[in-house]
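Q: Following this message is one structure expressed as structure tokens.
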Amino acid sequence: MTETIQSKLPIMEAFYTIQGEGHFSGTPAYFIRLGGCDVGCVWCDVKDSWDASQWPEQTLDEIVAGAQAYKGRLAVITGGEPLMYNLDELTAELHRNDFKANIETSGAHPLSGSWDWICFSPKKFKQPREEFYEKADELKVVVYNKSDFKWAESHAAKVNPDCLLYLQPEWDKSEKMLPAIIDYVKDNPRWNISLQTHKFMQIP
Ligand SMILES: C[S@@+](CC[C@H](N)C(=O)[O-])C[C@H]1O[C@@H](n2cnc3c(N)ncnc32)[C@H](O)[C@@H]1O
Ligand SMILES: Nc1nc2[nH]cc(C(=O)O)c2c(=O)[nH]1
Ligand code: SF4
Ligand SMILES: [Mg+2]
């Protein structure tokens with residue numbers, strides 16, 4: 001299915017909320033969560049998304065109509081791994097309807113779609129593709145253990161000079177890892193901390 005233009009996409013859920021992570025943290029946004037992921041992160045907080053066949057397909061019109069019900073004009077496409085699908089038509093349809101389109105991606109599949117903001121969150125579990133280092137607007141590395149700082153730097157060394165850098169504690173390891181993340185960012189001020197603020201706010 002990868003790389004063919006999708007006129008229908010499996011939708012796990014779609015909801016209007018506050019972007020909890022990264023540079024747009026605090027901004028109201030309509031999240032569109034596509035079903036399907038083959039990356040297999042052991043700590044993934046949305047494992048139910050992985051099997052695309054579980055989720056109903058919607059046409060692009062239906063997907064964008066869902067977003068139209070709300071006042072915000074930022075759509076965040078996430079998953080699952082949204083780039084399992086060619087998203088050229090989805091982003092075109094969002095732009096035609098005056099939405100900005102941001103994406104959350106692991107970078108493990110070819111880049112498609114026309115994006116206002118790319119959040120690139122590479123994973124050890126499936127190597128990212130080279131094209132994302134040039135295209136990323138923010139690099140967001142999940143920190144699960146101390147070896148992840150070195151791993152994060154290996155990706156930061158390859159992104160474009162304007163790319164923002166975020167370290168995000170893995171949610172269940174947050175209490176243990178946050179002191180080290182705070183020290184790391186104080187010593188390496190090119191990095192910022194991203195917390196999953198929606199989980200503190202207990203919103204989707
Ligand atoms: C669920 S993923 C979906 C998008 C895409 N598959 C990806 O991984 O970027 C959305 C974001 O949540 C992050 N994430 C997933 N599980 C997490 C966890 N347990 N703790 C912190 N961040 C997590 C991912 O790294 C990614 O930045
Ligand atoms: N509020 C909120 N912000 C988010 N930022 C990235 C998310 C994701 O799962 O991709 C997410 C999410 O699931 N909810
Ligand atoms: S790539 Fe994203 S959706 Fe897929 S397993 Fe990893 S965190 Fe979960
Ligand atoms: Mg999430």
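Any Cβ shown, glycine's included, is placed from N, Cα and C.
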Q: Which of Thr78, Thr91 does TrEMBL put in the same substrate site as Ile18, Gln19, Gly20, Arg33, Pro204?
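A: That substrate site, as TrEMBL gives it, pairs Ile18, Gln19, Gly20, Arg33, Pro204 with Thr78.
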Q: Could you say which of the binding-site residues Trp43, Ser121 has its Cβ with the most other Cβ atoms inside 10 Å?
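A: Output for this query is Ser121.
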Q: Just the number: how many Å between the Cα atoms of Pro122 (S-adenosyl-L-methionine binding site) and Cys44 ([4Fe-4S] cluster binding site)?
A: 13
Q: Of Gln19, Trp43, Thr78, which is closest to Cys37 ([4Fe-4S] cluster binding site) if I measure between C-alpha atoms? They're all binding-site residues.
A: Thr78
Q: Specify the count of other C-beta atoms within 10 Å of the C-beta of Gly80 (S-adenosyl-L-methionine binding site).
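A: Excluding its own Cβ, the number within 10 Å is 27.
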Q: List only the single closest residue to Lys123 (S-adenosyl-L-methionine binding site), chosen from the binding-site residues Gln19, Cys41, Cys44, Thr78 by CA-CA distance.
A: Cys41
